[in-house]
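Below is one structure, written out as structure tokens; the observations come after it.
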Amino acid sequence: MSDSKLADSLNCLSVSTPSTTANPGRQQLLRLAVSNQRQVNNVSLANGKENKRTSNSKFNSSLRKIEEPIAGVPSSAGPQWREFHIGMFEIGKPLGKGKFGRVYLAKEKKTGFIVALKTLHKSELVQSKIEKQVRREIEIQSNLRHKNILRLYGHFHDEKRIYLILEFAGRGELYQHLRRAKRFSEEVASKYIFQMANALSYLHKKHVIHRDIKPENILLGIDGEIKLSDFGWSVHAPSNRRTTLCGTLDYLPPEMVEGKEHTEKVDLWSLGVLTYEFLVGAPPFEDMSGHSATYKRIAKVDLKIPSFVPPDARDLISRLLQHNPEKRMSLEQVMRHPWIVKYKDSWTRKSSESS
């Protein structure tokens with residue numbers, strides 16, 4: 001696909017695939033505005049100066065404008081879409097770098113609304129033949145509304161780049177927190193796994209399979225809550241089984257390693273791998289001798305859980321890392337598991353005290 005065809009595809013996406021989700025009510029807008037205001041007061045752009053406090057009314061106004069193109073709500077005069085452009089934003093420090101572009105802290109100039117602006121180079125997307133993957137990411141993520149899923153407010157493009165306007169996750173990548181901590185405490189890990197299960201339950205009810213769960217694709221919000229991101233490998237699969245090999249090697253389930261059909265239950269396996277890595281500090285099937293050895297360990301479910309992992313957490317991990325997808329613990333069971341319940345009161349109380 002040429003750059004021009006990619007541009008045409010994105011233009012079609014803007015009009016033909018609006019979200020069917022209704023605009024949020026005033027109270028939800030206010031909560032989002034207050035949350036963003038807290039982040040404005042705690043971050044700085046490239047000049048290193050703190051941003052000035054912006055009123056709730058301005059934030060509400062900003063959110064209403066951002067919501068319209070996402071929700072696909074036409075004005076009274078007809079389907080007139082709000083056009084975003086790069087000149088609307090003050091670009092700040094880089095937040096991350098990927099293979100095809102970067103993510104920057106940015107501020108909408110008129111309102112002071114803080115976002116993360118993801119830039120993708122069209123030529124590199126075309127060269128790597130992942131245009132459909134990007135389109136799919138936009139289609140899926142723009143329709144999602146969940147507190148533990150990173151929000152996509154909108155998108156636009158120019159001659160060379162595609163820009164995704166994303167929710168700013170104030171505490172950054174979960175992977176970096178895990179690296180610094182080596183491994184998480186049971187209380188912290190159980191909170192994150194509960195929130196992940198909650199987010200995945202929402203996705204699966206919408207027939208969305210994430211397929212690339214790993215610490216690098218999870219961010220933390222300003223209150224330390226999980227924000228699942230990176231929907232490039234996600235699919236909307238209402239009824240069909242899929243055979244595409246995708247995702248990250250350490251997190252691939254046996255059915256994908258073996259080239260078999262797979263369903264949303266691949267995300268259950270990945271949740272088990274994630275639980276293990278949170279508590280141990282490394283994925284369970286990683287083999288330093290190479291990819292082939294890792295594939296074999298996954299296919300055999302060669303699982304060795306260290307003795308310091310408590311029995312109830314071992315039970316959760318073992319019941320998610322089942323070779324047969326149908327035998328894996330459901331997300332509802334995960335959220336009610338004794339290991340989760342044991343710590344839930346503690347992190348729920350701490351969350352309410354900090355809010």
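We count from 1, first residue shown onward.
Cβ from N, Cα, C; glycine included.
These come from Swiss-Prot:
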type     : residues                                              : note
DOMAIN   : 89-340                                                : domain 'Protein kinase'
BINDING  : L95, G96, K97, G98, K99, F100, G101, R102, V103, K118 : ATP binding site
ACT_SITE : D212                                                  : active site, proton acceptor
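It is 16 Å from the Cα atom of the residue listed as 'active site, proton acceptor' to that of K99 (ATP binding site). Each residue in the domain 'Protein kinase' (89-340) has a pLDDT score, and their mean in this model is 90.
Of all the recorded positions given, namely K99, D212, the one with the smallest number of surrounding CB atoms inside 10 A is K99. The Cβ of V103 (ATP binding site) lies under 8 Å from the Cβ of P94, L95, G96, K97, A116, L117, K118, T119, L166, each of these being in the same chain and 6 or more residues away along the sequence. Of the chain residues outside the ATP site list L95, G96, K97, G98, K99, F100, G101, R102, V103, K118, P94, T119, L120 have their Cβ within 8 Å of the site's Cβ mean position. L95 (ATP binding site) counts 20 other C-beta atoms within 10 Å of its own C-beta, drawing on all protein chains shown. Cβ environment of G101 (ATP binding site): K118, T119, L120, H121, E124, R161 lie under 8 Å away, each six or more residues apart in the same chain.
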